[in-house]
Amino acid sequence: MVEVPEAEERRAAAAAHKSNMQQQETMKMQQHSSHRVAAHSNNMQQHTGKKKENSVLKLVKVCYGILPPRLGRPHSSSPSVIVIGGGISGIAAARFLHNASFKVLLLESRDRLGGRIHTDYSFGCPVDMGASWLHGVCDENPLAPLIRRLGLTLYRTSGDNSVLYDHDLESFMLFDMDGHQVPQNTVVQVGDVFKKILSETEKVRNEHSHDLSVLQAISIVLDRHPELRQDGLSHEVLQWYICRMEAWFAADADTISLKTWDQASEQVLTGGHGLMVQGYQPVIKALSKDTDIRLNHRVKRITNGYNKVMITVEDGRNFIADAAIITVPLGVLKANLIEFEPKLPEWKQSAIADLGVGNENKIALLFDNVFWPNVELLGVVAPTSYACGYFLNLHKATGHPVLVYMAAGRLACDLEKLSDESAAEFAMLQLKKMFPDATKPVQYLVSRWSTDPDTLGCYSYDLVGKSTDAYDKLRAPIGNLFFGGEAVSSDDHQGSVHGAYESGIMAGENCRRHLIRRHGSLEMLQAVSYREEILEAAVPLQISRM
Ligand SMILES: Cc1cc2nc3c(=O)[nH]c(=O)nc-3n(C[C@H](O)[C@H](O)[C@H](O)COP(=O)(O)OP(=O)(O)OC[C@H]3O[C@@H](n4cnc5c(N)ncnc54)[C@H](O)[C@@H]3O)c2cc1C
């Protein structure tokens, strides 16, 4: 892999451009074959899901470094790969290829690694402003071995695998707008009604050939079953459940596809959801060790040649490698912030357009004393899901006096229109509905995921009417370009840290095979399979609140 000196840039660009003509023909063929591969691998997944999981887990072991030192250092003839994006997916891909003795360079636009994993330490304790839960506290989780090895503690906020009612009753408290606690039996009863409504939406789905939104389906169910309609306080609690559902997808119910909304809950890993007590940052730190990383390198153009890829960064410098793995967020691809030469084929562009990117924001408040009850979630119910809200009580999980207000969908976008100070005041207004005597926070933090130019959204979700193969197309390579990132993760693990991680490893593995086929290096092929033999660490996951 080379950084091209200025004098050679033009020649390199011309060479890469020339080879595009040859490549376009090849790409047409690859397009077809990659679709076939995608369709085939889907079938395989259905029939041999377990087997696939094991092989991913094996790849994971290779990647995170509990394995012995690399068999060989990259040398001048090793294939070279540029990984674009230093979130967990890019870091995983880079580590995987580094361990496979490839020459790897990771280009990251920000001045930090982690992307949508962002543990802030300015409160004097870790506060995750992006991802904070491990979804699926179990050995099958591809991140479990690393979390175990690092000795990180997980605080389990739910004992089961559900995604929509993921908090045990005794662990949350709801309040109405006047500060009265909602009786727990009302919360339970309305929770049961909500489950019935959702199961009825399945019938609505089966009756309609075209897709609808989840909200449309709920209103059809309520028209058909007036007995499921709720009034007064119960109606507000129902709205709160819808608000929680919207938080899972980071999108409003009127934009979530009815066709696929429940697949994520079916595919969720077992073991419940565990908060990373020390924050997610240690995972990023451990994974990125030994990788050649360039921060503040924003990629502006990718020239995909027949044999080489040329990457141009914001200040005009070019980097050339045999292949590239693109792990920038879907929001960045949607906004066309990276120019592709040649242009991405129409099927890839339509996959990018077909998928949605939601939004979720956090407002973290640090207090000098704890004035709230010792439960995990504090929620405010209201006549609409937009007006409902909730706080995660980090004090219960970590012992630090921090509450994190979490807002999703339109509300999350509206909060980004406010200054940090006004956003914190907004969260305090919500808090004061429950606790009129709440003291002022001593510090606050506000996230802005949908206007952050390096993310432009929170994570992907299924828009109404999305094409069924959009994820497969998004994942499919184009010549020497491979795609990773949460949105391309398989088995419906989009929008999660472990899904993003796994997608990075899979992109790394596909890239490795592609380059080995091209370079014909049997030695490199064997290097990885040898490492796959090594056993994982036998330390159990550390879980509090069993
Ligand atoms: C508020 C919030 C809460 C979440 N909660 C959870 C949770 O509790 N549990 C969970 O499992 N998941 C959660 N997620 C989702 C999870 O964070 C993501 O799925 C995952 O971190 C995505 O990783 P990634 O590597 O695919 O993308 P990213 O982490 O976004 O990494 C992509 C990287 O590309 C960089 N980049 C962008 N443009 C360029 C460019 N032009 N050139 C070079 N680099 C570029 C970015 O700066 C970024 O570092 C949450 C996300 C958010 C936003």
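Cβ atoms here come from the backbone N, Cα and C positions, even for glycine.
Just so you know, TrEMBL annotations never went through curation; they're auto-generated.
Features reported for this protein in TrEMBL:
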- 1-30: region 'Disordered' (REGION)
- 19-30: compositional bias 'Polar residues' (COMPBIAS)
- 88-507: domain 'Amine oxidase' (DOMAIN)
- SER89, VAL299: FAD binding site (BINDING)
- TYR405: substrate binding site (BINDING)
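Overlay of TrEMBL feature records on the structure.
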| residue | record | DSSP (3 states) |
| --- | --- | --- |
| SER89 | FAD binding site | helix |
| VAL299 | FAD binding site | strand |
| TYR405 | substrate binding site | strand |
Discussion item. Can you go through the binding-site residues SER89, VAL299, TYR405 and pick out those with a C-beta less than 6 angstroms from ligand 1?
Written reply: SER89, VAL299
Item to complete: Measure the Cβ-based neighbour count of the residue listed as 'substrate binding site', defined as the other Cβ atoms within 10 Å of its Cβ.
Response: 24
Fill in: Other CB atoms within 10 A, centred on VAL299 (FAD binding site)
23
Worksheet item: Which chain-mates of SER89 (FAD binding site) that are at least 6 residues away have a CB under 8 A from its CB, listed by sequence?
Response: THR327, GLY484, GLY485, GLU486, ALA500, TYR501, SER503, GLY504, ALA507
Discussion item. To the nearest Å, how far is the Cα of the residue listed as 'substrate binding site' from the Cα of VAL299 (FAD binding site)?
Written reply: 33
